[in-house]
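Listed in TrEMBL for this protein:
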- 284-293: compositional bias 'Basic and acidic residues' (COMPBIAS)
- 4-107: domain 'EamA' (DOMAIN)
- 263-293: region 'Disordered' (REGION)
- 1-23: signal peptide (SIGNAL)
- 35-55: transmembrane segment (TRANSMEM)
- 61-83: transmembrane segment (TRANSMEM)
- 90-110: transmembrane segment (TRANSMEM)
- 116-134: transmembrane segment (TRANSMEM)
- 146-171: transmembrane segment (TRANSMEM)
- 177-197: transmembrane segment (TRANSMEM)
- 204-224: transmembrane segment (TRANSMEM)
- 230-248: transmembrane segment (TRANSMEM)
Amino acid sequence: MACHRVVWSFALLVPLFLWQVEWKTFRDVALKPKVLATYFVSGVAIGGMWYLFLWGVSKDYIVETSLGFFINPTLSVLLAVVVLKERLRVWQWISIAMAIAGLLVVAIAYGKFPWLAISLAVLLTIYAFVKSTAPLNAIESVTIEMGYLAIPAVCILVVCEVQGSGAFGHISATQNALLVLCGVATVVPLLLFAHAAPMLSFSVLGVLQYIGPIMNFIFGVALYHESFETTKLIGFIIVWSGLLVYVVEGFIVQRAALSSTENTEEENSKMEDVPTTPTFGFEGVKDDASNAV
């Protein structure tokens, strides 16, 4: 499934890439070794994330996969501290501590280390961090990433076909169509997000990114009836509380910064509107005298 997702995503992206690419700019920017290495890392990260997510869903670990996306913001903050040497605010440290405490409770409830959730969170954090430093637009960057992943994906599909375990072409027409559409379902949200992100505030984006894991959690508990004991619920509540602290604190800081900027601009505007008062004192008399001479 993961291989089909990559291959059909790449097949959909190639014509879009050819339609909008400016070859000179693309060659000058994209063909640098550092840029190619950057997109290789982001491609491996998102490919690994897709594989683990699909594996988790197929093995009835839907709730644990949602946990990985919930703890992603705290890992992003920790990465900023370790790599970018950023200093955290008090409430950010509190949100991180709450997320770690919630993970420990969930680990105790599962009776094992929640490696799937943490692996998904780590891969998503790496992907977001690498993408934040990448120079290309959405279509170009995702096409390069899928190009890297398409090579092993095609090889795996060919091997499966030779061994007689291939799916495409050997199943119903509806199932074949669903395999193709998984590429559409992958690419369209990525491109829509890339298009909408510049038009939305950071706080709105921060809230929207949790719609997916919330739905995964609801599906896992309500539709697939995954076991969810009280101890797990307590752990998730602690993680959610830490997440709420993180979002609300970020929103308050952003509003305060925006308000400060608006006040500064308003003060500067008032200063510019103050009329210049002519001088009628001794300097004016002196000027008149010198002119008379």
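Heads up, the Cβ atoms here are built off N, Cα and C, so glycines get one too.
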Segment confidence, the domain 'EamA' (4-107), expressed as mean pLDDT: 85
Recorded stretch that, among 61-83, 90-110, 116-134, 230-248, has the most CB pairs under 8 Å to the transmembrane segment (35-55): 116-134
Ranking 90-110, 116-134, 230-248 by Cβ pairs under 8 Å to the transmembrane segment (61-83), which is first? 116-134
Which sequence positions outside the transmembrane segment (116-134), separated from its termini by at least 6 residues, show Cβ-Cβ distances below 8 Å to it? 35, 38-39, 41-42, 45-46, 48-49, 52-53, 56, 61, 64-65, 67-69, 71-72, 75-76, 79, 83, 103, 106, 141
May I ask for the residues of the chain that lie six or more residues beyond the transmembrane segment (230-248) and have a Cβ under 8 Å from a Cβ within it? 63, 67, 70-71, 73-74, 77, 91-92, 94-99, 101-110, 203, 206-207, 210, 217
Using DSSP, what is the helix/strand/coil residue split across the domain 'EamA' (4-107)? 89 helix, 0 strand, 15 coil
